[in-house]
Amino acid sequence: MFEPSELSNNAIIKVIGVGGGGSNAVEHMVRERIEGVEFFAINTDAQALRKIEVGQTIQIGNNITKGLGAGANPEIGRTSAEEDKELLKSALDGSDMVFIAAGMGGGTGTGAAPVVAEIAKELGILTVAVVTKPFNFEGKKRMIVAEQGIIELSKYVDSLIIIPNDKLLKVLSRGISLLDAFSAANNVLKGAVQGIAELITRPGLMNVDFADVRTVMLEMGYAMMGTGISSGENRAEEASEIAISSPLLEDIDLSGARGVLVNITAGFDLKLDEFETVGNTIRSFSSDHATVVIGTSLDPDMNDTLRVTVVATGIGMEKNLDVNQIKNKSSREVLMDYRYQYLNISPKKTDKKIIKKEIKNTKEKINKEPEYLDIPSFLRKRAD
């Protein structure tokens, strides 16, 4: 049997939460004890920063906002970040990879996140952003602001994963509590960071180093991520199929992905044929021209359970679209013109249905209760 190899690289990975929603997500990751990464929370709201349990916090734009927040104005968020650009640069400096978590449509997240990403790009840091989009019922203005913020952010990040809050209405049960929804929301961003970071930071039977991750994610544009968890005899097949099929994904051809990153997380009982099963399932939907990187992370606490995380990069719309293209459009027109890629969800083991045939072509609708989704920042504030 293979022996786990020691960590052969010491890549510095930082997770930056920008604004209220991003900071809350980072706080959740700290509590969940994701290993091998440094956490930062950035906000214009001094009171919000004092409340969260994140070791390193950065207040921006104090001369502009006086510590009172950006007031849902992205321009204030942007100028606040630019005011403290040197402070942000010091926080990012020395990183090999940076994750940026933010909610789009408000002030600080929408305005400051692109500035953080621009600084990271100037420093030559591999940068991945995971952001949320508002509900449609929040209004056209907020949606268009979010779309503009996403396009601005896309100019500077290497890969961008977008989580649509509006999908909550379709997949969450009406009886779910706010606390459960908040917990589910935070798990979305945690899953994105954990699935990628652990490939680098955790030893495994087949290690993936930072250079492999960089190859798959560098300058790839829009991305999609999925996670599947299963146990039992067919856990490898089931987990990988769940990871690449989601009721949140609409009309997305994953065969167009230019890069695919796969993390298999299991205990010491992981078998060679299970590794092969996951690999064959992933290759069944990916293009022959795609760069596919598959690695393992060993977690002694996962006795009979196996988790597969798939990140497909270089799919969907082109990078660096012009913001002026959408300024005069309604939110409906914007959504029709730009097809964004959505973060996958992991269904509960008791509710999962397995797709058996031609995964890349199937369009089956699966009724599953998700383990996690995102909640917008304005709902978080109401719950406080």
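Heads up, the Cβ atoms here are built off N, Cα and C, so glycines get one too.
Look at Swiss-Prot and you will find G20, G21, G22, S23, N24, G107, T108, G109, E138, R142, N186 tagged as GTP binding site.
It is T108 that, of the binding-site residues N24, T108, N186, has its Cβ surrounded by the most other Cβ atoms within 10 Å. In three-state terms derived from DSSP, T108 (GTP binding site) belongs to a helical segment. Over all protein chains present, the Cβ of G20 (GTP binding site) has 29 other Cβ atoms lying within 10 Å. Cβ packing within 10 Å was compared across the binding-site residues G22, E138, and the lowest neighbour count falls to E138.
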